[in-house]
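Enquirer: I grabbed these lines from Swiss-Prot:
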type    : residues                                                                       : note
BINDING : SER110, VAL111, GLY273, ILE279, VAL280, THR299, PHE300, ASN301, PHE302, ASP303 : L-arginine binding site
DOMAIN  : 72-137                                                                         : domain 'ACT 1'
DOMAIN  : 259-320                                                                        : domain 'ACT 2'
MOD_RES : SER14                                                                          : phosphoserine
Amino acid sequence: MELHILEHRVRVLSIARPGLWLYTHPLIKLLFLPCRSRCKFFSLTETPEDYTLMVDEEGFKELPPSEFLQVAEATWLVMNVSHSGSVVQAAGVTKIARSVIAPLAEHHVSVLMLSTYQTDFILVREQDLSVVIHTLAQEFQIYREVGGEPVPVTGDDSSNGFPQIQHGPSPTVHPIQSPQNRFCVLTLDPETLPAVATTLIDVLFYSHSVPKEAASGGPESTSIPFFAFSLIEGYISIVMDAEIQRKFPSDLLLTSSSGELWRMVRIGGQPLGFDECGIVAQIAGPLAAVDISAYYISTFNFDHALVPEDEIGCVIDILQRRQESQASKDP
């Protein structure tokens with residue numbers, strides 16, 4: 001397998017809902033006129049709490065500072081995995097759970113995930129790159145993009161001075177909830193983006209028909225507002241509620257031949273922050289063990305896994321049993 005470290009240097013931001021009006025113009029520019037901003041990595045995710053943005057440095061320049069904008073301190077580098085051969089595996093984050101997510105958690109590297117229709121992006125802090133290379137060099141051929149060209153990276157230069165894995169206290173097992181929404185994962189030909197622009201602007205900025213209550217209480221919670229749009233290196237990916245999809249022209253949105261619907265597992269009872277390690281691993285690992293596909297989208301406050309609709313009961317059971325098992329071990 002190959003691990004590619006892409007050229008994007010990404011910032012992670014949160015726009016408070018009351019301040020969205022201040023950012024409507026720059027967001028529309030990034031959504032529909034990327035050539036004017038030279039932004040190559042743009043992701044916008046609406047959650048009950050806020051709007052999370054992941055943008056490269058060119059996109060970041062478009063966003064004025066304000067009291068409504070929070071910016072995570074770190075600059076994040078973007079990686080993805082290329083699988084050689086045609087072995088059919090579970091989709092999404094599940095297929096990299098053992099090879100990438102678990103080893104990085106063991107070496108105390110905090111990761112963010114952004115699954116799209118096309119691929120899964122792994123974001124790591126720029127300052128952690130040497131640890132990432134050292135950790136994954138035996139498992140992967142690692143390449144770093146320089147000027148658009150992949151340049152081989154070896155772990156030899158970073159192999160000294162790294163201690164053995166220190167097994168500290170078990171990571172916090174965060175509570176989970178499952179909103180009632182049914183989601184679809186879609187793509188769109190960028191050339192047809194203008195044809196859905198009006199609907200997309202309405203859904204993102206003006207239409208909030210889904211209840212705004214955060215997923216709180218029991219594991220089965222009410223529906224929540226959640227909409228994820230990414231435009232990365234010319235490829236579009238959209239995650240939306242199946243009810244919202246009906247607002248769009250059906251002939252322009254593309255999905256897999258099965259037309260599979262997905263349910264959400266929302267991770268975190270309170271904002272997760274960016275320093276804790278192993279959050280993705282505690283979800284991806286158990287699902288990989290039973291070969292259940294999962295898309296995974298990290299946001300500024302909480303994490304979100306999308307699993308096949310017919311597997312949601314099994315997934316909730318697996319993750320709750322893990323919670324109970326961990327709780328029984330804690331003093």
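One is the number of the first residue shown, and numbering goes on along the chain from there.
Any Cβ shown, glycine's included, is placed from N, Cα and C.
The structure displayed is predicted, hence computed values, not measured ones.
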Enquirer: Is it possible to get the count of other C-beta atoms within 10 angstroms of the C-beta of PHE302 (L-arginine binding site)?
Expert: 23
Enquirer: Let me make sure I understand the span of the L-arginine site: among SER110, VAL111, GLY273, ILE279, VAL280, THR299, PHE300, ASN301, PHE302, ASP303, what is the greatest distance between any two Cα atoms, in Å?
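Expert: In whole numbers, the farthest two Cα atoms are 14 Å apart.
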Enquirer: Please report the Cα separation of VAL280 (L-arginine binding site) and the residue listed as 'phosphoserine' in Å, rounded to an integer.
Expert: 20
Enquirer: Which whole-number value in Å describes the distance between the Cα atoms of the residue listed as 'phosphoserine' and PHE300 (L-arginine binding site)?
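Expert: Between the alpha carbons of the residue listed as 'phosphoserine' and PHE300 (L-arginine binding site) there are 6 Å.
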Enquirer: Based on Cβ atoms within 10 Å, give me the single least packed residue among the recorded positions SER14, GLY273, VAL280, PHE300.
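Expert: With the recorded positions SER14, GLY273, VAL280, PHE300, fewest surrounding Cβ atoms within 10 Å: GLY273.
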Enquirer: For SER110 (L-arginine binding site), what is the tally of other C-beta atoms lying within 10 angstroms of its C-beta?
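Expert: Its Cβ has 21 other Cβ atoms within 10 Å.
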Enquirer: Please classify the secondary structure at VAL280 (L-arginine binding site) using three-state DSSP.
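Expert: Note: VAL280 (L-arginine binding site) is helical by DSSP.
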